[in-house]
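To start, the structure itself, in structure tokens.
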Amino acid sequence: MTKPIVLSGAQPSGELTIGNYMGALRQWVAMQDSHDCLYCVVDLHAITVRQDPQALREACLDTLALYLACGVDPKKSTVFIQSQVPQHTQLGWALNCYTQMGELSRMTQFKDKSQKHANNINVGLFGYPVLMAADILLYQANEIPVGQDQKQHLELTRDIATRFNNAYGETFTIPEPFIPEHGAKVMSLQDPLKKMSKSDDNRNNVIGLLEDPKAVMKKLKKAMTDSDEPPVVRFDIENKPGVSNLLSLMSGITGQSIASLEAEFEGKMYGHLKGAAGEAVVGMLEPLQERYRALRADRAYLDQVMRAGAENAQARAEVTLKKVYEKIGLLV
């Protein structure tokens, strides 16, 4: 039986967090046996905001090494850097011609980023979702792991693919959102009503995958709980979001049920919960960081992974691009 094709990626801007790991990267690793997986470092998306060129190159290597340290296996998955597969931008341009201005102007992420980067509202930022559609449609992906912030972009991808298929006959697979069964949503440490984000300006909200263990413990000691007296360790997202976030985090790392954690911390102070959460996070990160350091030091191996991944991705992408070019009247 043919495995479903899945594609996902992360920008090499800002260090990947425990939220990225528990909410996405762990699922990427788990899917490698059941799916045909393509995982890319989306550096072309990163340049919609100004980047230091050398820092961006280093960040691409950092992100690639982190993928591998988390368990992404280049023998099982196609792992590549987006800009090393030129078919992404080639298809992106073609799809621009089948996307309406009104559709893009409704994208909430464009509105948010325009406010954040008011001095650099460029066409690339506006057309970002079309390149994302090309990323997905190039490989005929069936399933796309998406967070809440990317759902709207996936809907646009489906609309573009359907429009093209209606005009030229079956060309693109219509991708479905993939919602993992056991995906953990890690919230901000200081503001547990919002998701932990690697682009958060307040670094006390975030724990990076390469964070120093002492810094991890310090941040978790400062994590928001509540002012209940006496303290009550109970999972209640509506009334106790901070405590619930710490319980969810521990459960996601240790595999313990929320109920057993509630029983374990019954009658204890919030400091006990924070300390235990810190130890769980550090215990998860230390072996990952060790693998990362070894991989990041081996530039020849990273180059080999990039080269093999790009070759594989290009061969697959070219099949779709050729089909599209033929249908729209370009010489191939």
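Glycine is no exception: its Cβ is also placed from the backbone N, Cα and C atoms.
Here is what Swiss-Prot records for this protein:
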- Gln11, Pro12, Ser13, Gly19, Asn20, Gly147, Gln148, Asp149, Val186, Lys195, Met196, Ser197, Lys198, Ser199: ATP binding site (BINDING)
- Asp135: L-tryptophan binding site (BINDING)
- 12-20: motif ''HIGH' region' (MOTIF)
- 195-199: motif ''KMSKS' region' (MOTIF)
Structural state of Lys198 (ATP binding site), classified by DSSP into three states: coil
Inter-residue C-alpha distance, Asp135 (L-tryptophan binding site) and Gln11 (ATP binding site) (nearest angstrom): 13
Protein Cβ atoms within 10 Å of Lys198 (ATP binding site), excluding its own: 16
Cβ atoms near Asn20 (ATP binding site) (within 10 Å, other residues, all chains): 22
Neighbour count (Cβ, 10 Å) for Ser13 (ATP binding site): 20
PLDDT averaged over the residues of the motif ''HIGH' region' (12-20): 89
